[in-house]
């Protein structure tokens, strides 16, 4: 007999129940404290990184670093993301050897050091090494060490809890986008960096004291790579969703402030647009998680990615030149960043809870190259004038569409797996009861030549929740 429990298929072949999933865990409890701590970690890693849009606009229009070009500054932002993803295998190994808390403290050290170093930067290489590489290392250690913890504490509310944690990056981006612009105007750039260093050190230090994982309880395998994942097509669809999505996301979040200046708005209006983008993520990510628990993780991730693509094509292009229209587009930021609240729950659906750390380690590594050159590609496509971002907007929309197609094909695979397990459960149940009648379909997988493609296409347009 098969059971659909908490959105996960469980198959029983007689008594006792044989569960084709990870063991059930106690729901919530101290997990809500962990959610709050991880939210603060995200606010002071990805949230602080979101404020680079303000730094970028300042660099491009102030001449702060003599001789630096727009592409140089684009590399700084790209490296802050790509280096954070590049260190993920090392972080995964550190978590397995030293524990989550010590690994988080390593990230705290590098992040604090990066802001202090950037406050003394006088050349572009100083900025690349401090605000780019060093901050990326710190952010990577903080984020990767904690990204898989929240799902360990929840079952029925897994997506909602994970979305609450990732919403921290939105609130952090909201606060620090406005605060960074105000501090640069009143205190200057060096002291802005130093104040951010102090805040990040204090908050992340407190979080490292209260974060607690359940790696032993769930049997998490902290391997830098798990070779079996490379042979699974569904895993490559999963990474394809992130590969295309991270390019579009990076271009949008780092370009908004400069776009606002290029179409004629002030620096404060540009910072407000970035703040609204972050606010949308802060408020929208818990909503995405809540809806995901009822409508399906992959369903919601795919549909949000599709709407994000349409928003680039229609809303940003046609309404972005008006301040109200640009604010509305920014308020759809929760859809542009849908990967962050859903990547861990979707990853569990693809590889299971035990292999999630290894899967995410590979996932982040795959995103290194696109995130490094995303903003570089965006600035290369930019042209002078109020219509100068048209090619950038079209490019971002196409990338989100490719991301949608990847995850929607992953959804079709997941549905086929569920249907195959249902057939297997029916067959085993019939054998247990000594039923003489043989089921019409005895194979757990349809013949490749006749049924594979039609079944895949049918499931592509299915309305089932998964």
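Using the three backbone atoms N, Cα and C, a Cβ is placed for every residue, glycine included.
Among the features that TrEMBL reports, transmembrane segment is placed at 32-61 (among others).
Within the chain, the transmembrane segment (73-96) has long-range Cβ neighbours (under 8 A, six or more residues past its boundaries) at 45, 49, 52, 56, 59-60, 65, 102-103, 106, 124, 127-128, 131-133, 135-137, 139-141, 143-145, 213, 215, 222-225, 246, 250, 254, 357-358, 360-362, 364-365, 367-369, 371-376, 378-379. Per TrEMBL, transmembrane segment is recorded for 73-96 (among others).
The transmembrane segment feature in TrEMBL is assigned to 108-129 (among others). Sequence-distant neighbours of the transmembrane segment (108-129) (same chain, 6+ residues past either end, Cβ-Cβ under 8 Å): 44-45, 48, 65, 67-68, 72-73, 75-76, 79, 135, 137-139, 141-142, 189-194, 196-197, 200-201, 204-205, 208.
The feature transmembrane segment is assigned by TrEMBL to 135-154 (among others).
For 161-179 (among others), the entry in TrEMBL reads transmembrane segment. Remote same-chain partners of the transmembrane segment (161-179), defined as residues 6 or more beyond its termini with a Cβ less than 8 Å from a stretch Cβ, comprise 28, 31-32, 35, 38-48, 50-51, 53-54, 146, 150-151, 153-154, 196, 271-272, 274-275, 277-290, 292, 333-334, 337, 340-342, 344-345.
Under the heading transmembrane segment, TrEMBL lists 191-211 (among others).
Residues or ranges marked as transmembrane segment by TrEMBL: 235-257 (among others). Sequence-distant contacts of the transmembrane segment (235-257) (same chain, six or more residues past either end, CB-CB distance under 8 Å): 50, 52-54, 56-57, 74, 77-78, 81, 229, 267, 270-271, 273-274, 277, 301, 305, 308-309, 312, 326, 330, 333, 336-339, 343, 346-347, 350-351, 359, 362-363, 366-367, 370-371, 374-375, 377-379, 382, 389, 392, 395-397, 399-400, 402-403, 406-407, 409-410, 413.
Under the heading transmembrane segment, TrEMBL lists 300-318 (among others).
Among the features that TrEMBL reports, transmembrane segment is placed at 324-343 (among others). Beyond the ends of the transmembrane segment (324-343), by six or more residues, the same chain brings 46, 147, 159, 162-163, 166-167, 169-170, 241-242, 245-246, 248-249, 252-253, 256, 259-260, 263, 265, 272-274, 276-281, 283-289, 292, 297, 300-301, 304-305, 307-308, 311, 315-316, 318, 360, 363, 400 to within a C-beta distance below 8 angstroms of the stretch.
Summarising the annotation, TrEMBL assigns transmembrane segment to 389-410 (among others).
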Inquiry  = Six or more residues beyond either end and a Cβ under 8 Å away: which residues meet both conditions relative to the transmembrane segment (32-61)?
reply    = 68, 70, 73-74, 76-77, 80-81, 84, 104, 107, 111, 131, 135, 138-139, 142-143, 146, 149-150, 153, 161, 164-177, 179-181, 184, 189, 196, 199-200, 203-204, 206-207, 210-212, 253-258, 260-261, 267, 270-271, 274, 277-278, 340
